[in-house]
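What TrEMBL says about this one:
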- 1-58: region 'Disordered' (REGION)
- 79-153: region 'Disordered' (REGION)
- 103-116: compositional bias 'Acidic residues' (COMPBIAS)
- HIS271: active site, nucleophile (ACT_SITE)
- LYS273, LYS495: substrate binding site (BINDING)
- SER518: site 'Interaction with DNA' (SITE)
Amino acid sequence: MTQDSQHGKWTISSSDDDDEDLPLSGTTTSKPHRAAVSSHITATVEVKPEPANTPVSSLVIGSEARQLAAMNQLNPVKYESSPSLAGKRKKEVSDSPGWALSDSDDDDDDDDDDDGDVKGKSLSNLPKRAPPSPKTKKPKVENERPPSPHGRLYYIDEPEDFFESSIPCLNDTYRFYLNKVTGLDRKYNSGALHIRDILSPLFGTLKESAQFNYCFDIAWMVKQFPSEDRPVLIVHGDKREAKARLVQQAQPFPHIRFCQAKLDIAFGTHHTKMMLLWYEEGFRVIILTSNLIRADWYQKTQGMWMSPMFPRLPKGSSESAGESPTFFKRDLLEYLAAYRAPELEEWIQRIKEHDLSETRVYLVGSTPGRYVGSDMERWGHLRLRKLLYDHTDPVAGEEKWPVIGQFSSIGSMGLDKTKWLKGEFQRTMTTLGKSSLRSDPPMHLVCSSNTNLMWAGGSLPYSIQTAQKQLWLHSFFHRWKANGTGRSHAMPHIKTYMRTSPDFTQLAWFLVTSANLSKAAWGALEKNNTQVMVRSYELGVLYVPAAFNMKTFPLHKNPFPASSSSGFPVPFDLPPTCYSPKDQPWIWNIPYSQAPDTHGNIWVPS
């Protein structure tokens, strides 16, 4: 199918067509891959099968689309400027009729709220050379890094001690941290945390953990623990073949158990990212934005909230003991209970036995279901609306205080802005206390564009099919720019939402979450606003000034190197930069092959 639009002209396979139903999760197919460069960016999208000797345990497990992405790493296509390539397309025999995308999550079956590594291929900046003969057998490389959907040269080598755990400079006021990123000046990683830091003995003597996430590389994850025999419970949403592969990955590790999250509504995902860490000294919760795969911890911008060490309550304490002013303990227990999973009962009991009273953030979760009455305010954006109504205060001139949403994926918003974004979602985001003012402030949506294509385009799953249906949305878009944190070229997998003063010196509130911009993640009203439907599991934490004895949060525009400043460390530059006339939102399933990105790579989806 050929499409013309302001994005250019693309030829895509029929499996991408709006009229085609996506295969169910668990369906996998493959095609050989070739891509052509032309003045209109025209491509025939195909995929090469993985050699039979690739161990399953080395593959990143997620939806079927990302499973195939991990497989398709061979024979990268170089960027070429030669006009002789223009318009060429090569057909090859296919083993099967198409390829699979799972986890679509909208009524129209085209919501792109998928996380992690979407099926695609980043084409490495390799020296120009003659293509190898198809008969030449590639020698086996020992101790090769795990595959990346972003190309075999995706990882940047750092000194051996770069990610070694060291005593971090923790910001104890907000307990909000970014991850360490390769390729940066060391000052930009001062105070940032790597997964090995989080799991290291510096934070406690770990006895057991529960890992809630969307994508897993089990073998890699196990290596991040200081001791590889501490029990781990994996909470996931995989089904059928994807679940079988996940279980197969864990076969060498008898200390790993599984809990499958119930996904009773079509196209929902288990998108929550949380660690429950049980120590000899107490208990800790970490709510973050990173998948448990190597790529997410090295060259993407991620964020996390790390709780204090929660001490054990004295024996005989009441059930209400250890509660925080933000009711974090109650809400965390309610969130875990929503899984209806026997495997989580021991964790629920452990939490009840600990003192969580030091917590100063509010929990904002989503769980799949249709909710009516007072239950409508338990989850999703209506939960956020309720918290903002109860725990923030109106500000003078609030109609000029912009709302900023920053995310890595976009779902279907509807045919115009009034359907969801500027209707129910904006009403939530503009709630400030019990103000009767229904303001219409500026709304800035920060997402990567085609002109600041970065290291991990496949993790920005916004499809051309969805984009074409909502061109009105693009007028809200702003570029990702993060010079203050050194992360302008580290793809933002982090998701943040906030309300700032017109001069961008104050914050009315701040949220870090797993939830992308989609109705599946945040929920959508139904039946004349008497019911809300949520498809996915999501989790985040909300910062409100009152919980920190402040009227507003002062903004910290240069959080690195880490300092004792009281300003809130927003991970990107403010004010946001509007898209230029050349900017278009990054679309994952069309090729960007006319020019390389800032790292010399081009993108051809597979």
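From the backbone N, Cα and C atoms, a Cβ is placed for every residue, glycine too.
Predicted automatically and left uncurated, TrEMBL annotations should be read as such.
Cα to Cα, SER518 (site 'Interaction with DNA') and HIS271 (active site, nucleophile) are separated by 12 Å. Counting every protein chain shown, the Cβ of SER518 (site 'Interaction with DNA') has 27 other Cβ atoms within 10 Å. All chains included, 32 other C-beta atoms sit within 10 angstroms of the C-beta of the residue listed as 'active site, nucleophile'.
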